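Data block below; observations after.
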Amino acid sequence: MSKEETLYSVKVDQERVPLFDEDFYKGFRSELSVRFTMAALDPRAKSNDAVTVNVITRLEHPEEDGEESDEELFQEEKFTLCTLKKGSVYQQPIDIIFSPGEEVFFERVGGDIPVYLSGTCIITNIPEEEDSSDLENDFLYGADEFSSDEEEMDDISVTSSEEEEEENGARIEELNSDEEDAEQAEEEILEKPVPKDEVAEKHSKDKLKKEEKEKKTAVDVSDSVNGKKRKTEPAGEGEQTEKKSKSTKTYPKQVLEGNVTVQDKVKGDGPAAKRKKRVSMRYIGRLTNGKVFDKNITGKPFTFNLGLEEVIKGWDVGIVGMQVGGERTIHIPAAMAYGSKRLPGIPANSDLVFDVKLLAVN
């Protein structure tokens with residue numbers, strides 16, 4: 001794991017200023033930490049009144065039993081960062097770090113003077129192997145952590161076809177092995193001599209088995225007439241098989257505006273995402289080399305108004321038409337993403353790939 005730092009500053013000139021401006025990261029939350037080391041007044045300001053900068057943090061507080069509720073609870077905390085005054089205290093050294101996941105705002109109180117907070121943006125680079133492991137554990141199996149139909153997600157289909165074939169092959173071999181063991185055990189039992197005092201009991205059991213076999217044969221014959229073959233399954237196994245068959249169905253790729261390409265992995269059955277609707281999403285963002293640069297797979301879903309340029313153009317185009325419960329892969333050309341702008345973890349002129357799932361439409 002490596003780290004790199006870039007210069008970063010915030011101008012506090014309103015009552016409530018966010019840590020990250022929307023234009024800085026276009027609605028996507030990044031795995032970034034920010035450390036501020038200096039607060040300074042604008043020397044051109046005319047006001048001589050003292051000005052105070054407060055910090056407001058908004059942290060998520062899950063319920064005591066560890067499960068998330070339908071409406072997640074949040075609590076705001078406020079504290080004073082510094083107080084400056086023109087003519088006496090133009091700047092003040094500070095040392096404060098905001099970690100990834102914190103929702104932070106700055107509040108200006110007092111004089112009508114802009115205050116500049118400066119420092120560094122700390123970027124943590126996670127090795128691909130470690131990131132891939134986290135992705136498999138959280139993204140594929142994170143569904144058990146959510147209970148709400150609107151805000152919780154099933155596991156997203158990101159397993160490759162080769163892995164599915166290997167898994168299916170392993171299961172087939174295991175089933176064949178179990179059947180061979182059962183047949184061998186049955187042959188061994190038949191070969192063992194039966195004591196005379198057990199002959200009557202065995203005869204009774206054999207008679208019951210014969211009757212059961214005749215009943216089963218009758219059922220199989222009845223099903224064969226309708227072109228079906230019944231198979232005894234444990235409770236719930238049929239539903240799981242149907243769900244897996246649905247998730248592995250292949251849908252055609254579609255080329256949309258700006259050469260944005262989408263391919264559905266799972267078709268949803270809920271309300272459809274339309275322009276000007278507010279949607280809640282889970283997602284994993286990758287570069288074309290497979291490296292993950294951003295993701296939202298746990299906690300509060302990523303929510304925005306579709307088609308109103310609150311996110312990159314590729315999302316406004318690629319999400320339209322999805323239904324709640326649906327999963328989709330979106331390939332976005334650089335021109336429909338961040339273009340020539342370089343962002344933490346995203347080189348300039350990068351094509352992006354997103355695996356997304358639609359949780360809710362409001």
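Cβ from N, Cα, C; glycine included.
When Ser47, Ser69, Ser147 are looked up in Swiss-Prot, the one carrying the note phosphoserine is Ser69; the rest have no such note there, which does not rule it out for them.
From Ser88, Ser148, Ser177, Ser204, the position flagged in Swiss-Prot as phosphoserine is Ser177.
Mapped onto DSSP classes, the domain 'PPIase FKBP-type' (276-362) shows 9 helix, 38 strand, 40 coil.
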